[in-house]
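Undergrad: Okay, these came from Swiss-Prot:
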BINDING   Gly14, Gly15, Ser16, Arg17, Asp65, Val66, Asn92, Tyr157, Ala158, Ala159, Ala160, Lys161, Ile190  NADP(+) binding site
BINDING   Ser144  substrate binding site
ACT_SITE  Tyr157  active site, proton acceptor
Amino acid sequence: MNSLLVNKAAIVTGGSRGIGFGIAKLFAEHGANVQIWGINEEAGKSAAQDLSDKTGSKVSFALVDVSKNDMVSAQVQKFLAEYGTIDVVVNNAGITRDSLLMRMSEEEWSSVIDTNLGSIYNVCSAVIRPMIKARSGAIVNISSIVGLRGSPGQTNYAAAKAGIIGFSKALSKEVGSKNIRVNCIAPGFIDTDMTKGLSDNLKNEWLKGVPLGRVGTPEEIAMAALFLASNQSSYITGQVLSVDGGMA
């Protein structure tokens, strides 16, 4: 077992697959007690059991819709009762409802904003008091290259992901004096279920804009998250780490 997060208590939202699963796995490999939050109970419990078996760390699952403030607050209290502290939070949960703005429904707009951006408020506002009390904590918010440069058909997603960056920079200034660090990761074109559904033509068009000429992996995002969650980045806060093969 590696040792960057030994005995740290970590929450990873949207951790049952893709980037979130990669982050939860690497954290567990580095000794963290990890709780995966998600809305698919079967997938979440399976992922948690798989990681527990493979890493030897304590990995659990909690059924939490991060767009629901009361649900988030209740689970934070349960987490504190079990672990006594919250050392690391990774806000990774997110959805897409792509459409050109002229065709985008209010529901498509609101659902993405509520889940991708509203959840950041819900989770951070619930964990920040115990972190302040402990005078310690690391928050890693997963944004996107789309939040930095935009993408047609994704005004809702781009607005949410750009909002995450602004939120994180502001919060980092509020809580830095309490030894709490808040940073963002902006992934580029990453090999996940979301990108697997794209046509070959669209994938090839995306790859033309990637100087490194390939798709990234969830493990590469996880390495960035591990860095920002651990003391390896103890003097870094309010920053956006682009992991995008040079796209930005």
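Placement of Cβ uses the backbone N, Cα and C atoms for every residue, glycine included.
Bear in mind that the values here come from a model prediction, so they are computed numbers and not experimental data.
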Undergrad: Determine, to the nearest whole angstrom, how far the Cα atom of Ala160 (NADP(+) binding site) is from the Cα atom of Ser144 (substrate binding site).
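TA: Each residue's Cα considered, Ala160 (NADP(+) binding site) and Ser144 (substrate binding site) end up 9 Å apart.
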Undergrad: Of all the recorded positions given, Ser16, Asp65, Asn92, Tyr157, which has the fewest Cβ neighbours within 10 Å once its own Cβ is left out?
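TA: Taking Ser16, Asp65, Asn92, Tyr157 as the recorded positions, the minimal 10 Å Cβ count falls on Asp65.
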Undergrad: Whole-number Å only: compute the distance from the Cα of Asn92 (NADP(+) binding site) to the Cα of the residue listed as 'active site, proton acceptor'.
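TA: Taking the Cα atoms only, Asn92 (NADP(+) binding site) lies 14 Å from the residue listed as 'active site, proton acceptor'.
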Undergrad: Which one of these binding-site residues has the most other Cβ atoms within 10 Å of its own Cβ: Ala158, Ala160?
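TA: Within the set of binding-site residues, the most crowded position is Ala160.
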Undergrad: Would you count the other C-beta atoms found within 10 angstroms of the C-beta of Ser144 (substrate binding site) for me?
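TA: Here the count is 26.
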Undergrad: Of all the Cα pairs drawn from Gly14, Gly15, Ser16, Arg17, Asp65, Val66, Asn92, Tyr157, Ala158, Ala159, Ala160, Lys161, Ile190, the residues the record ties to NADP(+), which distance is largest, in Å?
TA: 25
Undergrad: For Ile190 (NADP(+) binding site), what residues in its own chain, 6 or more apart in sequence, show a Cβ-Cβ distance under 8 Å?
TA: Gly18, Ile19, Val215, Gly216, Thr217, Pro218, Glu220, Ile221
Undergrad: How big is the Cα-to-Cα gap, in Å, between Ser16 (NADP(+) binding site) and the residue listed as 'active site, proton acceptor'?
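TA: That comes out at 21 Å between the alpha carbons.
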Undergrad: Inside 10 Å of the Cβ of Gly14 (NADP(+) binding site), count up the other Cβ atoms and send me the figure.
TA: 27
Undergrad: Using the alpha carbons only, what distance in Å do you get between Ala158 (NADP(+) binding site) and the residue listed as 'substrate binding site' once rounded?
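TA: So the Cα of the residue listed as 'substrate binding site' lies 8 Å away from that of Ala158 (NADP(+) binding site).
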Undergrad: I need the CA-to-CA distance for Gly14 (NADP(+) binding site) versus Ser144 (substrate binding site), whole Å please.
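TA: For Gly14 (NADP(+) binding site) versus Ser144 (substrate binding site), the Cα atoms are 15 Å apart.
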Undergrad: For Ala158 (NADP(+) binding site), what is the secondary structure by DSSP, using just helix, strand and coil?
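TA: Looking at the DSSP assignment, Ala158 (NADP(+) binding site) belongs to a helix.
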